[in-house]
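One structure below.
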């Protein structure tokens with residue numbers, strides 16, 4: 001009975017972290033989609049309007065799609081874990097293996113997307129003097145702040161996915177392989 005309560009507690013904890021990760025990905029996505037700024041610049045006797053938005057660079061587009069993918073995955077797993085958290089059913093070895101592998105995959109994919117967006121943001125903030133690429137953030141401050149917030153929130157989601165990966169690994173290997181390891185140790189100790 002105590003192990004069932006502990007399992008339910010672990011399931012609720014996992015569901016809470018998954019829901020938080022999903023909400024963080026959605027928040028990061030919304031901030032990135034709203035990252036758009038138009039600036040009027042003087043050009044001779046007139047003005048020209050220049051607009052910068054997330055879709056101008058492939059790094060930000062990649063982060064948008066990965067945020068959608070990770071949020072959908074998190075929501076699907078969250079909904080699929082509700083019956084086991086309520087004690088209605090117990091997830092089997094196959095579903096735990098699937099969650100374990102997909103947690104790893106999505107953690108690394110989100111990490112790559114956040115890394116790509118961070119590099120683009122760094123170039124927008126600092127520029128690159130060797131190639132005479134000017135920094136955009138002094139001119140497009142609102143855009144850079146929105147993208148910075150999106151990348152920071154995405155980084156927190158990466159950390160939470162890494163924690164979920166460790167948690168799903170612990171759940172998988174502890175629940176299904178401890179008994180086999182114990183039996184193997186008992187056999188080896190009885191031989192000596």
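Keep in mind that glycine also has a Cβ here, set from the backbone N, Cα and C atoms.
When the topology recorded in Swiss-Prot is consulted, residue 48 and residue 174 turn out to be separated by the membrane. Feature annotation (Swiss-Prot): of 97-117, 118-138, the stretch labelled transmembrane segment is 97-117.
When the ranges 146-166, 167-187 are checked against Swiss-Prot, the one recorded as transmembrane segment is 146-166. Among the ranges 38-58, 59-79, the stretch that Swiss-Prot annotates as transmembrane segment is 59-79. Same-chain neighbours of the transmembrane segment (59-79): 15, 18-19, 21-22, 25-26, 28-29, 32-33, 35, 99, 102, 106, 109-110, 112-114, 116-117, 119-120, 147, 150-151, 154, 157, 161, counting only residues six or more beyond its ends whose CB sits under 8 Å from a CB of the stretch. Here the transmembrane segment (146-166) has Cβ contacts under 8 Å with residues 14, 17-18, 20-21, 24-25, 27-29, 31-32, 34-35, 54, 60, 63, 67, 70, 100, 103-104, 106-107, 110-111, 113-114, 117-118, 121, 124 of the same chain, all six or more residues outside its ends.
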